[in-house]
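As written in Swiss-Prot, here are the features:
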BINDING   H129, H143, H236, H248  heme binding site
BINDING   H365, P366, F367, T368, L369, T370, S371  FAD binding site
DOMAIN    82-316  domain 'Ferric oxidoreductase'
DOMAIN    317-418  domain 'FAD-binding FR-type'
MOD_RES   T457  phosphothreonine
Amino acid sequence: MAGELRGSRGPLQRIQIAPREAPNLHLTMGNWLVNHWLSVLFLVSWLGLNIFLFVYAFLNYEKSDKYYYTREILGTALALARASALCLNFNSMMILIPVCRNLLSFLRGTCSFCNRTLRKPLDHNLTFHKLVAYMICIFTVIHIIAHLFNFERYRRSQQAMDGSLASVLSSLSHPEKEDSWLNPIQSPNMTVMYAAFTSIAGLTGVIATVALVLMVTSAMEFIRRNYFELFWYTHHLFIVYIICLGIHGLGGIVRGQTEESLGESHPHNCSHSFHEWDDHKGSCRHPHFAGHPPESWKWILAPIAFYIFERILRFYRSQQKVVITKVVMHPSNVLELQMRKRGFSMEVGQYIFVNCPSISFLEWHPFTLTSAPEEEFFSVHIRAAGDWTRNLIRTFEQQHSPMPRIEVDGPFGTVSEDVFQYEVAVLVGAGIGVTPFASILKSIWYKFQRADNKLKTQKIYFYWICRETGAFAWFNNLLNSLEQEMEELGKMDFLNYRLFLTGWDSNIAGHAALNFDRATDILTGLKQKTSFGRPMWDNEFSRIATAHPKSAVGVFLCGPRTLAKSLRKRCQRYSSLDPRKVQFYFNKETF
């Protein structure tokens, strides 16, 4: 039954679908590379830098004469700990950049006239942020395990009574330099736990690791979607992580032989005669050691400066007065806020962060703008999807006077800004995910009213997938206005829209079938009839590719990950390797 209903032109009309040929894997991969080569190049460069830094540091600590005696105690674990530490510094430097929203918006604006491929990496900022976080976790595990081995070997060397080189090195001290030691465990009775929690490196390492674990676990999609407040507050532990990282190396636990000592007693000449180091008649003296200077702060200083400037700018913009001009409660528990703010300027598809101090002083939530740039106000539609949004809707439903104060930060750019750069645009919204396309469709309505000849887009396909009929209500007026405007201008072919209801039952379908001959849809009142089920995307993409054989088609989605995966595959499958023929470019809203 569902297979008969999906993608049907009428509510219960059976359609015959021709069997589809299996996709060509080489063609699909080729199309993917054509669309994402710059993102791939950036990702490969980042991975390559991680590999280079790890190998460089590993070989340095594994082969350098400076750490010859340190390796006598610690072995290869020394090189593993230091190599992973260098990569941790590098990735900790990188992780803040993708979340500097104002910097990314500036870069997007600067690249507005660039090729769409050059802008695409900016659209994956959060994906890159997550990848860097995963890399930090991997190197943290390597670093911790290596140092656990190191501390255990320090302890064993200190307790050893066999007269080996490691035991002699562990008991070394210099009468003129109190810090000229090599083994941080200074007493045979000192435990590994005591040494770890009483040293700067050990204590800051434990605190930074706990902060990292809490941030990563609270960022899981289930928690982020259902307990956003927990994710939001816990993620601010990055401040603790950064501070601990910056001072982690102050203790100088990892020590190497000083340059002066290397000149006097080179390990290649003196390591085999360590029993004669204290013999004044011999040529070898016992070596002197110094701690490795802290370097983490050098890596993170620049991104911290960027981020501090970002937060100052956010704070300044959030303090500007916001005037709420209209509040509308739509069906399906959707709140519309229309607002004004001095100096506010937006583009289609952008989003803002909203804060309501009476609910939470610290929580900022992102919402796509549903107004058009041509309107005198900016608006958002907010669906109850968590404690904060439910409290906000409840606050405005109570109709207190004066209205609660709202703070706004933004707007910030997204992939939807590029919609008018394509000859053909395919807009796909799921549920409240239709909001960025409200802005686009409103802007089109204004452009047609003003006879804007600069509009590059020649055709728009709009798909909206909803679970319940009430969700269509707030959008009906806009679609109805667009229908009338297109009809009056003789451009009915410009917009092709399809509404899909997934939460239907037999009563709704039967009622729709009985009234199928009506001029307007019984659910929405629009001329375009509502379809039941989900779109058959292969049919839709094949139809679009046939209708526009030489066009660049931008596919824009605001919806769940499963739908994104499906559409991304279709874009790759139905694009031609010949740049002169149809090309589908997939774009997904992420903020």
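Backbone N, Cα and C define each Cβ position, glycine as well.
Keep in mind that this is a model prediction, so the values were computed, not measured.
Shown on the structure are the features that Swiss-Prot records.
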residue	record	DSSP (3 states)
H129	heme binding site	helix
H143	heme binding site	helix
H236	heme binding site	coil
H365	FAD binding site	strand
S371	FAD binding site	coil
T457	phosphothreonine	coil
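Considering only the binding-site residues H365, L369, S371, H236 (heme binding site) has H365 as its nearest partner by CA-CA distance. For the residue listed as 'phosphothreonine', the nearest of the binding-site residues by C-alpha distance turns out to be S371; the candidates were H129, H365, S371. Among the binding-site residues H129, H143, H248, the residue whose Cα lies closest in space to that of S371 (FAD binding site) is H129.
For H365 (FAD binding site), the nearest neighbour among the listed binding-site residues (H129, H143, H248), judged by C-alpha distance, is H129. A distance of 24 Å separates the Cα atom of H129 (heme binding site) from that of L369 (FAD binding site). In this structure, of the binding-site residues H248, H365, the smallest number of CB atoms within 10 A of the CB marks H365. Annotation: H143 carries the greatest number of neighbouring Cβ atoms among the binding-site residues H129, H143, H236 [cut-off 10 Å, Cβ to Cβ].
The maximum pairwise C-alpha distance among H129, H143, H236, H248, the residues recorded as binding heme, is 23 Å. In the three-state DSSP scheme, H248 (heme binding site) is classed as helix.
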